[in-house]
Amino acid sequence: MSLMVVSMACVGFFLLQGAWPHEGVHRKPSLLAHPGPLVKSEETVILQCWSDVRFEHFLLHREGKYKDTLHLIGEHHDGVSKANFSIGPMMQDLAGTYRCYGSVTHSPYQLSAPSDPLDIVITGLYEKPSLSAQPGPTVLAGESVTLSCSSRSSYDMYHLSREGEAHERRFSAGPKVNGTFQADFPLGPATHGGTYRCFGSFRDSPYEWSNSSDPLLVSVTGNPSNSWPSPTEPSSKTGNPRHLHVLIGTSVVKIPFTILLFFLLHRWCSNKKNAAVMDQEPAGNRTVNSEDSDEQDHQEVSYA
């Protein structure tokens with residue numbers, strides 16, 4: 001038996017005892033599920049652990065299940081080291097939260113930091129729920145839409161997934177109404193369509209889900225750029241260009257009108273000021289001015 005096999009066997013012994021070797025020496029690897037983390041009963045999923053660090057060995061384990069720890073020799077291609085762990089046929093015992101680690105040959109007891117957790121869920125165990133859209137599966141851009149997942153089965157939790165997205169949304173089921181349990185998923189103002197499915201699960205087995213609902217295609221009509229702006233975005237980003245032209249035209253008209261109004265107001269104030277000064281002059285001065293005016297008029301008559 002080679003030294004490496006013995007070393008990895010020792011690592012496995014530590015895992016069985018619930019004690020990890022020294023970890024966090026290297027950067028954490030990444031853990032992905034192919035084709036995805038939702039796996040139908042009896043199907044197989046590939047968990048790929050990879051890193052740009054040249055790891056010779058990868059370890060995969062399920063949280064709380066040290067006996068399920070797996071070891072693979074890493075493959076190296078184009079500066080990336082990876083290992084593909086085949087999990088299946090999928091059963092309830094294989095569902096759960098997984099993490100992976102990397103290690104190098106010369107220090108097998110020094111593991112990398114753990115990858116981010118990855119939840120593997122088994123589906124297809126119970127009756128499928130129903131999925132509907134309010135006000136309907138076809139909505140205008142910017143219109144609010146709510147998806148409702150319901151079933152006669154007493155599921156504690158409902159899960160909504162969108163095709164092409166890894167993460168799902170979950171809501172607790174509401175009280176029983178008209179013989180059904182339901183959860184509503186508000187999606188907010190619609191911008192892009194997509195295909196949605198929902199699942200049901202029970203509180204004591206969160207990794208075991210029902211069959212998928214029938215797929216629901218949500219279509220968005222109209223130009224998304226004309227949809228309602230979000231509260232954090234200025235309306236000019238999503239507003240109508242024609243409305244912008246009207247604003248510009250109104251501004252062009254207002255500018256000269258404001259200048260003219262200011263000019264007239266200035267003239268009016270000046271006249272008021274001159275009139276006030278005339279009213280405050282002494283009476284004698286006004287008499288002299290009147291006499292001077294008469295003399296000027298007389299002179300003009302004499303010359304005529």
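Cβ from N, Cα, C; glycine included.
Now, the feature entries from Swiss-Prot:
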DISULFID  Cys49-Cys100  disulfide bond
DISULFID  Cys149-Cys198  disulfide bond
DOMAIN    42-107  domain 'Ig-like C2-type 1'
SIGNAL    1-21  signal peptide
TOPO_DOM  22-245  topological domain 'Extracellular'
TOPO_DOM  266-304  topological domain 'Cytoplasmic'
TRANSMEM  246-265  transmembrane segment
What's the number of neighbouring CB atoms sitting within 10 A of the CB on Cys198 (disulfide bond)?
31
Please report the distance from the Cα of Cys49 (disulfide bond) to the Cα of Cys198 (disulfide bond), rounded to the nearest angstrom.
28
In the domain 'Ig-like C2-type 1' (42-107), how many residues does DSSP put in helix, strand and coil?
3 helix, 43 strand, 20 coil
Chain-internal residues near Cys100 (disulfide bond), provided their CB is under 8 angstroms and they sit 6+ positions away:
Pro29, Leu31, Leu47, Cys49, Phe58, Leu59, Leu60, His61, Ala83, Phe85, Pro114, Ser115
Please report the three-state DSSP label of Cys198 (disulfide bond).
strand
Going by DSSP, give the three-state secondary structure for Cys149 (disulfide bond).
strand
